[in-house]
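For H73, H121, D207, H211, the entry in TrEMBL reads Mn(2+) binding site. According to TrEMBL, the feature domain 'Manganese/iron superoxide dismutase N-terminal' maps to 50-129. Taken from TrEMBL, the feature domain 'Manganese/iron superoxide dismutase C-terminal' applies to 139-240.
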Amino acid sequence: MLRHASRQLLGAAAAATSCRQAGCLPGAAAVGAARCMAAASAVAPEAQVTLPDLPYDYSALEPAISGEIMRLHHGKHHAAYVAGFNKAMEQLGEAQARRDAQGIVALQRAITFNGGGHVNHSIFWTNLAPVSEGGGSPPEGPLKAAVQAQFGSLDALIARMSAAGAGVQGSGWVWLGVSDQKKLAVATTMNQDACITTGLVPLLGIDVWEHAYYLQYKNVRPDYLKNIWKVVNWKDVEQRYAAAM
Ligand SMILES: [Fe+2]
């Protein structure tokens, strides 16, 4: 995902560079410049991020998370972040082609929000699994040992993350990540700020936006945070932990 974003940034920059090398900007005739800008802003379809398929049916996480929530969350909310990020990246290419520093700066918020939304949700879906496919089964191996060494027990880690998630004001995420010192750490982010902005490599993210639970749990976020652990895919978290170490 981030790799896709990087490729897109590079692609837009390369298009702008080829324009400059072709002598189109600056000082080109207006028509030629416009043609050049269009070439720079065109984002190749393969460079755009796409909505990933869920690895399970919308209703597969019930009763912990309703199928209606999953359908809207994935098909509407995540899809909107994907569309917003691709649009912002296209606009970034145009601003780069114009050498419009103010325009580039103005786009950063949309890129952070929509790009973060895409990155965060892409992690979230794979952090979950139906009970029939191992959801809720506790971690094993090196991750289990690290959790016990640093938090005392899995239950203690869950309690800590649940409390941190309940304490997020407004919308955001609670994360388990790995620090530069290769230690596990719990962190929260606001809105759609990505885990990596905290300096941690993300292992497990729990979405505490209202859109993740309100249809089923209303305003009682702690109940959502109590039940979501029944469908956490610790196998996926183990794999992320191994890759981060
Ligand atoms: Fe969400």
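Cβ atoms here come from the backbone N, Cα and C positions, even for glycine.
For D207 (Mn(2+) binding site), the number of other Cβ atoms no farther than 10 Å from its own Cβ, over all displayed protein chains, is 26. Secondary structure of the domain 'Manganese/iron superoxide dismutase C-terminal' (139-240), assigned with DSSP and counted as helix (H, G, I), strand (E, B) and coil, comes to 53 helix, 22 strand, 27 coil.
Of the listed binding-site residues H73, H121, H211, the Cβ environment within 10 Å is emptiest of other Cβ atoms at H211.
As a whole-number mean, the pLDDT of the domain 'Manganese/iron superoxide dismutase C-terminal' (139-240) in this prediction is 97. Assigned with DSSP, the residues of the domain 'Manganese/iron superoxide dismutase N-terminal' (50-129) fall into helix, strand and coil as follows: 62 helix, 1 strand, 17 coil. Residues H74, H77, H78, F124, W209, A212 surround the recorded Mn(2+) site, their Cβ atoms falling within 8 Å of the Cβ centroid of H73, H121, D207, H211, which are themselves excluded.
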